[in-house]
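S.K.: So that we are looking at the same thing, I have put the structure below in structure tokens.
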Amino acid sequence: MVEGFSLSLMFLLVSHFFVSGVMSRNFTIENKCDYTVWPGFLTMTTAVSLPTNGFSLKKGESRVINVPPSWSGRLWGRSFCSTSSTGNFSCATGDCGSGKIECSDSGARPPTTLIDFTLDATDGQDFYDVSVVDGYNLPLVVVPQRLGSGRTCSNVGCVVNLNKTCPSELKVMGSSNKEHPIACMNACQKFGLPEFCCYGEYGKPAKCQPTLYSTNFKNECPLAYSYAYDNENNTFRCSNSPNYVITFCPNDISSMSQPSKETNGGTKQKSSWKLKLIVGVSAALTLMILIVVVIIVRTKNMRNSEWNDQNVEAVAMLKRYSYTRVKKMTNSFAHVLGKGGFGTVYKGKLADSGRDVAVKILKVSEGNGEEFINEVASMSRTSHVNIVSLLGFCYEKNKRAIIYEFMPNGSLDKYISANMSTKMEWERLYDVAVGISRGLEYLHNRCVTRIVHFDIKPQNILMDENLCPKISDFGLAKLCKNKESIISMLHMRGTFGYIAPEMFSKNFGAVSHKSDVYSYGMVVLEMIGAKNIEKVEYSGSNNGSMYFPEWVYKDFEKGEITRIFGDSITDEEEKIAKKLVLVALWCIQMNPSDRPPMIKVIEMLEGNLEALQVPPNPLLFSPEETVPDTLEDSDDTSTFFNPSHFERGTLLDSEDVLQHGSRSS
């Protein structure tokens, strides 16, 4: 009797064990990368453990890990790992800090692409997701393997190489190959702001909104978590106790398909007529959509044609040149002045007057050529001593060119570069700063239509024969009707290092002409820093990693002027330098409403130093960069003067400078 009861109880327990799905699983880990990957595991549940917490997978290898019931944890891939002469194991990305291949229950150091699992949770379901909240290092995909009948569970992953599209200031470069990034940081890790990290007053979902950076991640990997309060639907569920295949560097995106098949025979027959109905309706809708699209495209092409043939010339009110004449004036494009994202700039000469000109030939682009229209429409409305003059244009189908006055002394960055043996004197720097401010004030207030430049940087400030500064390159400019104060932006514009914080996140405020004010302030600070780079570099180890504007503010506040301006500065030069610092610090206030308009900037520059107040500290953080120990030779630093901080390329492929002498950004 007892034996029969024991057998029955055992049968019930075993039956429950299998029916409820509480059984061990197999995780098959595959490496399809062109290099070795070291998978790592972190177990969250104390009652269960894995047979290994880390191992090596060479190219093309795979390994099956038996995962116990109710396991909860995460896994990731480590890359570019090595063992030191003392036996310490470390990885450039995803390192868990254990000093060996096994991770010893320690997590991954960001930036790392993460997979989270909770097995046998609510109603016996598995929960799993992929996250780039802590940054990104490797593409991967999770594919559930169905057991028995039922619905096929969803694949999830991030199969795109985000390292290629990573914003330049978030890239982590390898120590051996400094041309190709090996990981992409998240904005919180890079900047440390509450807006990016979702803490403090931004610690609630309603307050912490997606930023430009998290949106970039989301667009590339829509099924992955991109920031702390991302859509909860990115957590996927699966029943029927499946096994899982995790693949690093999957071969194609087809592995991300999400089938949902019913395997019950009766259901197949019942749904066959529904399938035919759906196919028929879909075909009819597709045909209707195609017809509508064709009509829209043809209408748009007709409008574009009208614009191409008539409106450009009517708006610009400038001389229009044929492509043949453009080719002749540049001597068949013989003398290259500079190259950039929008095209190439050549030196030319007008046939009728013999005047030297700069000719920008725009790259062939899809659409209506927004950058061309921006530049022609903007500059045709300007006439100011501190704005480069537009002399004519060419518009022949996909051949587009803009003819400017020639600037023999190149761009401002040439004169404030750390490599220059002689620097501009303080009086000249002051004149340049005033000239730029007058040009911006003219664009913002005294044009028929307000123009916001959105790409103020030293490369876009050209110097004439008398070293008078002239604002150039209006490819990213925006014309504002009725001098509107708030501008609607679909995409961020500008060059990293000079872009106002409200361009990154609406948590800082609205985008407006004050965004140009911020860029202007950063340019002035760079002029000050380049003038005294020796002092900055010799400032001591305590300030070696401090962001330069913050360093200037703290020393200025303490009255330690000589550390900023040097010992040899005269009293008159010191007044100029102080004035430039105060104005620049006012211009880079984080809140746009705290920045002065350009007309006020001119008053501050031309007024008495004693009338200027010291602004609040404009910087809430120091954009220091966390680099793994194995990347100590990396070029990426947080120093203000490192070229990686003021990136020379623009987010929207902004044109480089039109300058004398061949130079590429």
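Note that Cβ sites are derived from N, Cα and C of the backbone, with glycine treated the same way.
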S.K.: Using the record from Swiss-Prot, pick out the residue from C81, C103 that is joined to C96 by a disulfide.
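M.R.: Out of the candidates C81, C103, the one Swiss-Prot links to C96 is C103.
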S.K.: Tell me, from C184, C208, which cysteine Swiss-Prot puts in a disulphide with C198.
M.R.: C208
S.K.: From N233, N419, pick the one Swiss-Prot annotates as N-linked glycosylation site?
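M.R.: Of the listed residues, Swiss-Prot records N-linked glycosylation site for N233.
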S.K.: If you follow Swiss-Prot, the disulfide involving C238 connects it to which of the following: C153, C158, C166?
M.R.: C153
S.K.: Look at the disulfide annotations in Swiss-Prot and name the partner of C221 from this list: C81, C91, C158.
M.R.: C158
S.K.: Annotation N-linked glycosylation site in Swiss-Prot: match it to one of N163, N543, please.
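M.R.: When Swiss-Prot is consulted, N-linked glycosylation site appears for N163.
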S.K.: By CA-CA distance, flag whichever of C91, C96, D455 among the recorded positions is nearest to C33 (disulfide bond).
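M.R.: Result: the closest of the recorded positions to C33 (disulfide bond) is C91.
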S.K.: What three-state class does DSSP give C188 (disulfide bond)?
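M.R.: Once the DSSP labels are grouped into three classes, C188 (disulfide bond) ends up as helix.
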S.K.: If you count Cβ atoms within 10 Å of the Cβ of C198 (disulfide bond), leaving out that atom itself, what do you get?
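M.R.: Taking every protein chain into account, the count is 18.
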S.K.: For C103 (disulfide bond), list the number of other Cβ atoms lying within 10 Å of its Cβ atom.
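M.R.: So the number of other Cβ atoms within 10 Å of C103 (disulfide bond) is 26.
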S.K.: Inside 10 Å of the Cβ of C208 (disulfide bond), count up the other Cβ atoms and send me the figure.
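M.R.: Result for C208 (disulfide bond): 23 neighbouring Cβ atoms inside 10 Å.
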S.K.: Nearest to G343 (ATP binding site) by Cα, among C91, C158, C198 (disulfide-bonded residues)?
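M.R.: Its closest listed neighbour, by Cα, is C158.
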S.K.: Are there residues of the same chain, six or more positions away from C96 (disulfide bond), whose CB falls under 8 angstroms from its CB, and which are they?
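M.R.: The answer is G40, L42, G54, R78, C103, S104, S106, G107, A108, R109.
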S.K.: Here's one to test understanding: among the recorded positions L337, V345, D455, whose C-alpha is closest in space to the C-alpha of C188 (disulfide bond)?
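M.R.: With Cα distances computed to C188 (disulfide bond), the winner among L337, V345, D455 is D455.
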